[in-house]
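Undergrad: Before anything else, here's the structure in question.
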């Protein structure tokens with residue numbers, strides 16, 4: 001009801017002086033008229049701005065007469081010099097702060113004067129308005145931007161055409177919250193500079209860093225203007241947004257790879273088709289961890305260049321070295337895109353991976369042998385069926401110690417080529433001289449494979465440090481004794497050392513030991529010699545009478561088989 005009456009307000013008493021303009025004391029020749037009385041009964045603690053002539057204001061009031069009778073109550077959108085409210089009220093709100101409450105007493109000549117206003121306001125009525133200022137702005141206002149927090153290391157800021165993800169709280173100047181992404185538990189996601197955001201919001205977002213927090217104060221004409229938004233944002237409302245930038249990227253972005261540490265030398269770089277094991281921490285741009293292989297105490301294992309992982313990681317793993325550390329920033333179109341991944345990855349999320357390459361190999365790899373030390377005068381080398389004693393240390397390629405012969409009372413002895421060792425180690429131990437030292441790299445398909453072993457991860461490349469300590473040349477599998485030179489011809493007379501036409505165990509053993517001593521033959525290593533000799537004797541003593549005759553020594557040929565049955569002698 002505080003709007004101006006359409007009829008001309010009478011001049012008042014007979015005076016020769018005309019009324020002066022609004023908002024000044026009115027002086028007439030015959031005396032002085034009453035002015036507006038203002039009672040500022042609530043002033044907010046913080047007042048960054050006061051109403052001035054020309055400002056746009058929005059306020060709530062209750063209008064009463066002096067005796068307390070109520071005549072009106074409403075929300076007012078008033079425009080400074082364009083105001084259509086009564087002069088006293090227009091003057092009474094000057095100097096107010098948002099959230100301030102005033103009791104404004106307006107004499108009749110600054111209200112509806114001698115005519116009043118229809119049946120509601122009688123003539124010469126003094127009016128009392130209880131006013132709460134809700135909003136305040138000016139046509140010259142711009143977006144006010146206050147930085148509340150900013151990361152020290154800001155590598156990139158928001159630019160037009162970028163896609164952003166941010167959290168916000170939106171409130172009116174009086175502090176009423178009208179919207180919040182936090183309550184929805186989801187960021188607001190949008191392109192910048194394409195008209196999909198409020199003009200003031202776009203202006204405030206430009207130049208922000210991920211992790212930065214800003215406060216935007218947006219005047220109505222850069223927000224929802226005279227239309228408002230639903231029931232929560234009234235027309236002509238100034239908006240305050242508390243914004244935290246969570247993510248930013250551009251559709252033209254590629255994977256960004258930052259090499260943080262690289263071993264020297266790098267003996268080999270990964271290529272498509274290699275199988276790689278790596279640890280990772282996965283975070284969003286604001287530092288929030290979404291996944292980690294460390295928490296599972298297990299590397300992530302995959303082929304690269306074959307589409308088994310997201311495109312950005314597939315690309316970033318090309319050319320890595322074992323032991324290398326990389327930080328990889330993957331835009332969403334090379335990660336999980338607009339859909340995200342379940343509850344773990346939000347839609348359109350930029351992902352950051354801190355990678356540590358543990359090892360990689362190719363399914364075509366063979367054992368890699370590097371000789372560390374070898375004697376110049378090496379005439380005897382290890383081979384299949386040899387009995388060896390050796391020292392070893394075994395580790396992963398990242399240096400993680402697995403096991404060592406030093407952990408046991410004495411070094412191990414093993415016969416090569418009989419499946420007692422993993423294939424790659426058996427191969428790496430062959431061709432060695434006594435006291436030779438080697439470093440061998442064994443791919444998993446020649447080690448413990450996809451299943452791993454106790455203490456050995458699946459698909460692990462193993463690094464062995466080897467030293468051959470002893471070597472006893474062996475005999476072919478299934479043999480107990482072999483001749484190194486031609487056997488005596490005929491054999492039985494040479495074996496029948498006392499020429500009594502029979503050879504008991506003692507005589508047989510003495511003969512064979514003599515051949516070994518003179519390097520004419522070789523017993524099976526790794527087994528007690530007396531045990532071997534008894535076994536050999538029993539095979540020749542066909543009638544088990546405790547002696548071998550010349551007839552028993554003959555080699556029997558099985559016509560149904562491709563060759564003769566083997567006989568040590």
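Note that the numbers count up from 1, one per residue, in the order the chain is shown.
Placement of Cβ uses the backbone N, Cα and C atoms for every residue, glycine included.
Okay, so TrEMBL annotates it like this:
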- 1-31: signal peptide (SIGNAL)
- 54-137: domain 'PPIase FKBP-type' (DOMAIN)
- 161-249: domain 'PPIase FKBP-type' (DOMAIN)
- 273-361: domain 'PPIase FKBP-type' (DOMAIN)
- 385-472: domain 'PPIase FKBP-type' (DOMAIN)
- 528-563: domain 'EF-hand' (DOMAIN)
Undergrad: Can you tell me how the residues of the domain 'PPIase FKBP-type' (385-472) break down into helix, strand and coil by DSSP?
TA: 13 helix, 36 strand, 39 coil
Undergrad: Per DSSP, what is the residue count of the domain 'PPIase FKBP-type' (161-249) in each of helix, strand and coil?
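TA: Reading the DSSP string over the domain 'PPIase FKBP-type' (161-249) gives 14 helix, 37 strand, 38 coil.
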Undergrad: Report the mean pLDDT of the predicted model across the domain 'PPIase FKBP-type' (161-249), rounded to a whole number.
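TA: Averaged over the domain 'PPIase FKBP-type' (161-249), the predicted model reaches a pLDDT of 95.
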Undergrad: Reported in the order helix, strand, coil, what are the DSSP residue counts of the domain 'PPIase FKBP-type' (273-361)?
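TA: Breakdown, helix to coil: 12 helix, 37 strand, 40 coil.
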